[in-house]
Amino acid sequence: MNWGVFEGLLSGVNKYSTAFGRIWLSVVFVFRLLVYLVAAERVWSDDHKDFDCNTRQPGCTNVCFDHFFPVSHIRLWALQLILVTCPSFLVLMHVAYREAKEQRLREASGDNYRCIYPNPGKKRGGLWWTYLFSLIFKAGVDVVFLYIFYHLYRNYTLPRVVKCELPPCPNVVDCFISRPTEKNIFTLFMVVTACVCIVLSLIEAAYLIGKR
């Protein structure tokens with residue numbers, strides 16, 4: 001990853017955000033993205049390798065693992081972080097479009113040029129709607145993924161032992177998850193930070209509407 005480009009994008013997002021948006025971005029970057037990159041990936045790196053069932057029947061362990069872990073936490077979080085940050089860059093693209101349009105009109109009109117966007121980053125007109133849509137979309141993405149996690153892993157927790165009786169297992173077998181306590185802690189942490197981001201997005205949307 002080119003951290004210089006990423007830092008520039010974050011600076012641009014901060015420039016056109018409200019105070020609540022800056023707090024939201026800090027929570028996403030520090031408490032979600034960095035925790036995901038530094039710690040969470042390593043915690044789940046051994047989930048399939050150390051998923052152990054008390055049988056030697058070929059294929060039983062793989063079938064049970066696929067049943068209890070249909071989608072990895074790590075892959076879901078990666079998709080969630082991508083989708084939840086994209087709307088912020090949509091605002092940057094809208095501002096860039098305004099600046100480019102202003103530049104083209106300036107070059108085409110010459111001395112007769114009339115400024116359309118005195119401040120391209122000011123949230124008025126279409127940009128206001130783009131910013132509001134980005135807030136609703138971000139909150140919606142987090143809500144959808146919280147539901148997905150709850151649907152796949154009840155109460156967002158993993159048991160220490162799961163019982164599996166799917167074919168080709170010969171009978172009901174016990175399967176043991178690697179480091180369930182540590183994984184539960186990280187899962188709850190990511191759930192709480194997602195809830196905080198939802199609240200911040202809704203507060204910012206209410207502030208934006210009230211200010212208008």
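Keep in mind that glycine also has a Cβ here, set from the backbone N, Cα and C atoms.
Since the structure is predicted, the reported quantities are computational estimates derived from the model, not experimental observations.
So that you can see what the record holds, here are the features copied from TrEMBL:
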- 42-75: domain 'Connexin N-terminal' (DOMAIN)
- 141-208: domain 'Connexin cysteine-rich' (DOMAIN)
- 20-39: transmembrane segment (TRANSMEM)
- 77-97: transmembrane segment (TRANSMEM)
- 128-150: transmembrane segment (TRANSMEM)
- 185-209: transmembrane segment (TRANSMEM)
At a threshold of under 8 Å on Cβ distances, which of 77-97, 128-150, 185-209 pairs most often with the transmembrane segment (20-39)?
185-209
Per-state residue totals over the domain 'Connexin N-terminal' (42-75) - DSSP helix, strand, coil:
14 helix, 2 strand, 18 coil
Report the DSSP secondary-structure composition of the domain 'Connexin cysteine-rich' (141-208) as helix, strand and coil residue counts.
44 helix, 8 strand, 16 coil
Tell me, roughly as an integer, the mean pLDDT over the domain 'Connexin N-terminal' (42-75).
83
